[in-house]
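**Student:** Can you read through this structure? Questions will come right after.
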Amino acid sequence: MLTKFETKSNRVKGLSFHTQRPWILASLHSGVIQLWDYRMGTLIDRFDEHEGPVRGVHFHKTQPLFVSGGDDYKIKVWNYKTHKCLFTLLGHLDYIRTVQFHHEYPWIVSASDDQTIRIWNWQSRTCISVLTGHNHYVMCASFHPKDDLVVSASLDQTVRVWDIGALRKKTVSPADDLLRLSQMNADLFGGVDAIVKYVLEGHDRGVNWASFHPSLPLIVSGADDRQVKLWRMNETKAWEVDTLRGHMNNVSSVMFHAKQDIIVSNSEDKSIRVWDATKRTGLQTFRREHDRFWILAVHPEMNLLAAGHDSGMIVFKLERERSAFALSGESLFYTKDRFLRYYEFSTQRDSQVIPIRRPGTASLNQSPRTLSYSPTENAVLICSDLDGGSYELYIIPKDSIGRSDFVQEAKRGTGGSAVFIARNRFAVLEKSTNQVLVKNLKNEVVKKGTLPIPTDAIFYAGTGNLLCRSEDKVVIFDLQQRLVLGDLQTPFVRYVVWSNDMESVALLSKHTIIIASKKLVHQCTLHETIRVKSGAWDDNGVFIYTTLNHIKYCLPNGDSGIIRTLDVPIYITKVTGNIIFCLDRDGKNRIITIVATEYIFKLSLLRKKYDHVMSMIRNSQLCGQAMIAYLQQKGFPEVALHFVEDERIRFNLALESGNISVAVASATEINEKDQWYKLGVEALRQGNVGIVEFAYQQTKNFERLSFLYLITGNLEKLSKLMKIAEVKNNVMGQFHNALYLGDVKERVKILENAGHLPLAYITASVHGLHDVAERLASELGDNLPSLPEGKTPSLLMPPTPVMCGGDWPLLRVMKGIFEGGLENGAKGVVDDEEDADGVWGEELDVDVDGMQNGDVEAMLEDAEMADENDEDGGWGGLDLELPPELDTPKSSANVRSSVFVTPTLGMPVNQIWSQKSSLAAEQAAAGSFDTAMRLLHRQLGIKNFAPLRSMFLDLFTGSHSYLRALSSSPVVSLAIERGWSESASPNVRGPPALVYDFSQLEEKLKAGYKATTLGKFTEALRVFLSILHTIPLVVVESRREVDEVKELIIIVKEYVLGLQMELKRREMRADPTRQQELAAYFTHFNLQTPHLRLALLSAMGVCYKAKNLATACNFARRLLETNPTVESQAKTARQVIQAAERNMTDETKINYDFRNPFVICGATYVPIYRGQKDVSCPYCTARFVPGQEGNICTVCDLAVIGADASGLVCSPSQVR
């Protein structure tokens, strides 16, 4: 039994599945009816109008109705959409046991303890027939799925079959029906439209349930005599076929399965039993600890059953419906109906291959669970749950595909799961010992191994590797080396799906999908509310998966979405382009064509394939709020703008992307103060003075307009604004404008008119307006204010702006990345603007030469005309008689086009460099330090970036030049390109200029050699280390130069390690033995010949002084073999050999064996002899003892010892 859903509640007495939706009704002993969604596991609704237990409940096949009957003698018909009881049918005189809708007619059949069965018309809400004949409680009654029959079961120990053909004929002719209704009212029990066809006697106790077979003339019944009986009927008679014994208590419900040839029964003995309907034998029993079962329901369309018990209900399946399958290139092997089948994707040819199980062993849930295929050997492994877990191995003859007559005896074995791990080897899990057995195709064990975690299933993870699953963890285990390659904490994993290149894996749990790399490095996790069923990788690296009712996608960054909905669950086998190949629950191959546009579009955005994005925008029907929100969230509002019709969203997106022309058009459509304010802020940021002015005019924001005219030097308009303020009696605005203009007389006049005579007098006196000052003094009399002594007044004048009259040239704007491709969309926007009643033409007067906005009065006049009728009076209906020079000339509507609209910001050169290059040096030069560090970590295993910090900064500053423009403007940054020529296209960006090149390294190498020769080891080590630190950030052009760079790493590594060791030796004067060892090891480095001679001479001297004459003699001989050019070196060597030959012994034993080849550990300076295990630095290749794995390399001081790395990439030729 596969439990799909379980509830905890009061005793469940009635159940009914909805035919289309994943819903089930449960009626409880407490009087409540619950409506559950068994897929989501949620309670949708509850209905509680019945008093006392509700024993019967049933959904209508097509209408949004259900019927219920309870111990309150009432039958209620409900509409689940409106959550209301539509009406109640009264007539029964005792408890109602079951209710059921007819599949075709507007009828309800009900069975009751009043010993009658009633048929009701739910449209006319009347009882149309009463079936009498039982002489005890009628426990159930139901319509035949096709014929005009009703079956009923009663505690009078009989099952009755009723013929209601006459009732159907009357229903077809309504006049007769009306006549019959009047007859029935006269004599309630006199109706003859339903007659007993058969009475089935055979049970020894009361019968609790009887039901028809969905298609055959069979009836099954269950009774208090603990027996299940099978009956057959024909036109004239009915008879007992067989009795199924096994239940230990009253059988409460029994039904035929809708899809399979089986009978399901449940009982008060706390068990559900499954019987074979043809052999009439028990197949399986499911027991509960404490709960008696009361009711069964079978889904009419799907392989689902439900059972109600004392403390709730369960929805379950008897068998898995997923076919086991395995992919092999362009073909699929899968199991169906005891056969292995073969399906070819290209031709869609489906053929039977071999029978896979002996007929007659069919028991429930023993069907194949997994299938593994070895294409080279044409072998198939099939695992099932038979005998607690077993496998069968078949070798398919080459010519048997398409011929199903070939019968082969399989090689069998027991094991939790079995899977091919190599061409002719497969692994079998032995759960009891937690071991894996590797077997050959003869089914012989060739190897055994213990698994690293308690494992309950194994999956393929590449040749020789297994993915082991436990309850909360998966690990990848290398069977050959017995190493764990990776592990990951996960929910219980059900299925494992590898990508085509085996680089990524999807781990599917019940409600979770985890995407990880081939070494189980976590990439993203998706959570679903309903069950995940299957999945496959498409060609672009997108994971396509199915849930119970959707096909969905998951991008590499974890973004997911719905591709389409499903009517029935499917199991994806392969995804090619926009075609999904899948198996359905009947084991049939299906092809589903999907619209992949949405996820391909998002993937192109993610991978920065902007040309592809542009072509999709031009050619595809992409739309919807979700897509707009996605584009906005990912930082592409300018793209989202082309999908939007709603003006408010368009306005916000236009502001976000800096598209001021679209923003103006949308603001004009919306025409609200808030939008005009936001537009003004954005236009001001862009320096688009004309639009700033227009936005301020629309909101009548005179203070901001005044300040705008001040900073743009538009004194003429400022003076006009001052006159408007005077007309409006806005004294403060008038005074501000006079102050901005530097008009002293006007300021004095304003102060005098406002009654501030002392202030007016001081202003006139200070600014030298003596006539006015004298006049004001006479008016003030004794109240004359005193002026401060010893102060020199200065005229307060506004500064002259640097730029007068036009938009501010803030930046030289290139076309946006999507601009060229989206011009059609932009044209539409311009047309919309032009249609807006010439708004720009009427209210914004544009002086073409100076690009200045027109007089404000025109705007004010229009605004006042519009506001005169406002309830609140607006600004007040002032009739202004302004001087003639203030008349505003009307401009033509098309002048708007001469206003400069700032283009959207282009893509910075740094970004272009970053997108085009996969070389660390060029990423650093572009300022993408994160990307550069990621590349170096992936290619060379570098983790310690501290030594590279200054080089990153040098590369970045070296690839740019900086120009100072005006003193008030920012410094202009210019990108310097490598290999630039005048003939190059201005639109094609070359790679960045780099401050480090290979020739510099060669010069440094010579300097290092020289310092080594002179014995300046500290300086030499510093030079060699700087070469090692520079190489990852060098770019060369040809493959030959790449090889030279790699060779240089090896040379420099030898010197760095040797010099580090020599400096260490010099610190250890107190330990002569260790001194000799380090001197001896130094002679085994790959040094230049002069340096090797010096190393040998040094080692010879150290050993000779320590009386280790035999070792000193070995160094002397090696020195003479190099043919030293300095005679003194040769002479000393010969003398040492002579002295040693007299006494060829070593006084102290040192860890040095020159006969056995070795390398030196870069951290501990001990020899690692041939055959011993070691680990290496992925960058400088220095070798280390295994205990150093995971530490930073002591030689290069950059990479992690033993880390995985793909190798040095220092040339564009490697990338191509």
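Positions of Cβ are set from backbone N, Cα and C atoms, glycine also.
Bear in mind that TrEMBL entries carry predicted annotations, made automatically and left uncurated.
For reference, TrEMBL lists these features for the protein:
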REPEAT    47-88  repeat 'WD'
REPEAT    89-130  repeat 'WD'
REPEAT    131-164  repeat 'WD'
REPEAT    200-241  repeat 'WD'
REPEAT    244-285  repeat 'WD'
DOMAIN    340-584  domain 'COPA/B second beta-propeller'
DOMAIN    613-771  domain 'COPA/B TPR'
DOMAIN    815-1216  domain 'Coatomer alpha subunit C-terminal'
**Student:** Looking only at the domain 'COPA/B TPR' (613-771), what is the model's average confidence as pLDDT?
**Tutor:** 78
**Student:** Sort the residues of the repeat 'WD' (47-88) into helix, strand and coil with DSSP and give the three counts.
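**Tutor:** Helix, strand, coil within the repeat 'WD' (47-88): 0 helix, 24 strand, 18 coil.
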**Student:** When the repeat 'WD' (244-285) is classified with DSSP, how many of its residues are helical, how many are strand and how many are coil?
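**Tutor:** When I sort the residues of the repeat 'WD' (244-285) into the three classes, I find 0 helix, 25 strand, 17 coil.
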**Student:** Would you mind listing the long-range same-chain contacts of the repeat 'WD' (200-241), meaning Cβ under 8 Å and 6+ residues beyond its ends?
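**Tutor:** Same-chain residues near the repeat 'WD' (200-241) but 6 or more away: 136-137, 139-140, 142, 144-146, 149, 151-161, 247-256, 258, 263, 265, 267, 269, 273, 275, 277, 280.
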**Student:** In the same chain, who gets a Cβ under 8 Å from the repeat 'WD' (131-164) while lying at least 6 residues past its ends?
**Tutor:** 94-95, 97-98, 100, 102-103, 107, 109-113, 115-119, 189, 193-201, 203-212, 214-215, 219, 221, 223-224, 231, 233, 238
**Student:** When the repeat 'WD' (200-241) is classified with DSSP, how many of its residues are helical, how many are strand and how many are coil?
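**Tutor:** Each residue of the repeat 'WD' (200-241) counted once, the result is 0 helix, 25 strand, 17 coil.
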**Student:** Could you put numbers on the helix, strand and coil content of the repeat 'WD' (89-130), residue by residue per DSSP?
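**Tutor:** Counting residues by DSSP class gives 0 helix, 25 strand, 17 coil.
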**Student:** For the repeat 'WD' (131-164), what does DSSP give as the number of helix, strand and coil residues?
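**Tutor:** The composition, in the requested order, is 0 helix, 20 strand, 14 coil.
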